[in-house]
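Heads up, here are the entries from TrEMBL:
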type	residues	note
DOMAIN	4-243	domain 'IspG TIM-barrel'
DOMAIN	259-344	domain 'IspG C-terminal'
BINDING	Cys262, Cys265, Cys297, Glu304	[4Fe-4S] cluster binding site
Amino acid sequence: MKKTRKVYVGDVAIGGGSPISIQSMTTKKTKNIDEIVEQINAFEKAGCDISRSAVNSIEDAKAIGEIKKRTNLPFVADIQFDYKLAIAAVENGCDCLRINPGNIGGSDKVKILVEKCKDKDIPIRIGVNSGSVHKDMIEKYHGVNVDSLVYSALEEIKTLEDLDFYDIVISIKSSDVNTMIDVNRKISKLCDYPLHLGVTEAGPLYQALVKSSVGIGSLLKDGIGDTIRVSITGDPLEELKAAKTILKSLGLRRDGVDLVSCPTCSRTTVDLDTIVKEAEQRLESLKLNLKVAIMGCPVNGPGESKEADYGIACANGYGFLFKKGITLKKVKQEEIVDTLIEEILKDNKDEN
């Protein structure tokens, strides 16, 4: 992993070799405190590390203090255009600002805001995407592309550095996966600020999952990236499930069960789809670093199950329960999930 500067958003470290953090964004109006608190607390339960909310009014900004009293996750205030809202968010206790310095106001307003962030030790996340590229960069680099995105971000960074401000996180996003990968590879060579990875406007669930897995996963595999968000049109809790799965798939996060199951074929003799869905639902809340395999037939089932911490190999309407390669028992199809969960909880009652 590339070594980047370490920046603290609340008590969560980003960069500098820290664990890759997961972020999401609330969908309720920030001034509706009860709704936001409920959503942020659901984020935390689902594995989120940092929560972001749009601050579109002074009422939104004034709500931050009460929201923070009733939640645990660091609060990122997302500001567009109005530097006064950014100042109000800082004064009311946000843990980080997400802004584009180029659209927050003139240089005098940016200076006022930066001084306020210095006083409160509040980092700034610079956000650049395909819709916020500087016009001069579009002209210079002939459109919205990798170069115009990267050099727009570098210009924003220079604006803050000229004010002696270095507590910065960078986010350059695109809805095009190849562009998103290329801009982050390029910016990672040109500066050492921590990078927030994500494919913006990725679309509905399945499209977003594929785009984000390819884009975010490719960069993380190359050691690029310090914090991530999987953007999905829909329930933000799905974003968190996807982000955790990406990190677990790359061995970057180990708090949760890795469930392995076969795609089924004509040799399958049990209702594996139903079994796996029930097991997934019941295993989801466990904070155990375990591999669990549920296989549908006796061909690959025993071998795969024996490689897992716990495994089920099915045959002729029964399931054979394995633990670290040892066969424990044979159970009926309708008892498979209960037996598996009972065995896991019995062995790990002090760890979960």
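Every residue, even glycine, has its Cβ placed from backbone N, Cα and C.
A TrEMBL annotation is a machine prediction, not a hand-curated record.
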Around Cys265 ([4Fe-4S] cluster binding site), how many other C-beta atoms are within 10 angstroms of its C-beta?
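I count 10 other Cβ atoms within 10 Å of it.
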Restricting to the domain 'IspG TIM-barrel' (4-243), what is the model's mean pLDDT?
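A mean pLDDT of 93 is what the predicted model shows over the domain 'IspG TIM-barrel' (4-243).
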With DSSP helix as H/G/I and strand as E/B, how many residues of the domain 'IspG C-terminal' (259-344) fall in helix, strand and coil?
31 helix, 27 strand, 28 coil
